[in-house]
Amino acid sequence: MNPDLNIIDNFLAVFTTYIDSGFGLLSGDVAFLTTVLIGIDVTLAALWWAMDNDSDVLGRLIKKTLYVGAFAFIIGNFNTLADIIFRSFSGLGITASGGGMSAADLLRPGAIGGTGFKAAWPLLVKVGTLSGFPEFFGNFLTIAVLLVCWFLVVLAFLGMAVQVFITIIEFKLTTLAGFVLVPFALWNKTSFLAERVLGGVISSGIKIMVLAVIIGIGTNFFAQLNSLVGADPGIAEALSLLMGALTLVGLAIFGPSIASGLVTGAPQLGAGAAVGTVAGAALATGGAAMLGTRAAMAGASGGMAAIRAGTAMGSAGATAYRLGQETSGSSTMRAGMGGIGTAIGGATSQGLKAAAARVTAPFRDAAGRGQQAAWHAGRTSSPSSASPGASVAGAAAGAAGGAPAWARNLRSEQAARHRRHMAMQTVKDGDRPGGSANPDLSDKE
């Protein structure tokens, strides 16, 4: 089966088109900011040179002109230069991986998700063959394992596709947002703003290069993943496919942190990457299992309720039949059916009485509360002191019944929240954001 998962490719194309058009929309504001900052910098430099009689004014003027001209070129062609950086880093990554894909393939993350779905499709076919009515109960364990493996493999490749999408969009957004800050490099006092921008662009480019290496190497195994399960996959083949998919998605998610390690000069991958990948898979499996368990419990409770109701009705009918025969002194069917009719009439009258009691109960309670309030209002002592035995009895009853249901539910929710927090903290420790390079753009004289 060849699924069409190019929806994420369309998203990427739309985002890229809008971001590229943003450079043209912001060019007027950036040009105005550039003019203002150049005027401030040149005016201050001219005043400083005028007061410094012994300095080489011509040399400093040439240096200032070259500096301003270089950044004017960068600002005027920032979108083109950013695209060159993106293609250069992605091309270097693809070349380093052996050239198994092209730079255009990196811009189609939907193909990665489609590859995972295609590789896991034989698992669903196998589950379909094992899901017959007699065979389902004997193959339940195999079906459960195959379904969990299929779910995790598809989830792993979809996560890898989303990681590629986010990395590319991160680079595009960094360049667009940084386009407004680059002109601040023209004045020495505000050059630190442009330093962060250029460092962020370079760090994002290195991240794309690392991801291109991982995806490029992974494409060499995509064909092997498709042929790994075969036509008749079992539990061993499904687990092998799952291991390969989790390995690739772990590299794709935690591998780009190598870029921050290259910039900051420290290694980034460790046990947190492996634990984070396994924890994410376990969390997804646990969520799916919990939903299935709740659905099964709901179905079982509904079935048991129906069975209990049927059993109660059958027992009541048999008892009423025997009582009718015994009270009439006859063993005929007419006497038994008369007993059943009497029981039905009694049950109907009791039901009507119970319904009437439920309707009138709020009014009786309100009347009782009014009488009690009037009684306490006419006394000089407090209600608590008037009836201490009632409060003691209520406290004893509450203590005897144990923790209420809401307290038990709150305790279980707190425990589940604590476990989820531990899993998310593990993933966070494995995928921490990295720092950026900080080039020095100050014009030192």
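Quick reminder: no glycine exception, Cβ is built from N, Cα and C everywhere.
Per TrEMBL, compositional bias 'Low complexity' is recorded for 377-407. Residues or ranges marked as region 'Disordered' in TrEMBL: 367-445. Marked as transmembrane segment by TrEMBL: 30-51, 66-86, 136-158, 165-186, 198-223, 235-259, 271-291.
Residues 57, 60-61, 64, 68, 72, 75, 179-180, 182-184, 186-188, 190 of the same chain lie 6+ residues outside the transmembrane segment (30-51) yet bring a C-beta within less than 8 angstroms of a C-beta in it.
If you look at the transmembrane segment (198-223) against the transmembrane segment (136-158), you find fewer than three C-beta pairs under 8 angstroms, all six or more positions apart, and that falls short of contact. Scored by C-beta pairs under 8 angstroms, the transmembrane segment (136-158) has its highest count with 235-259, from the stretches 66-86, 165-186, 235-259.
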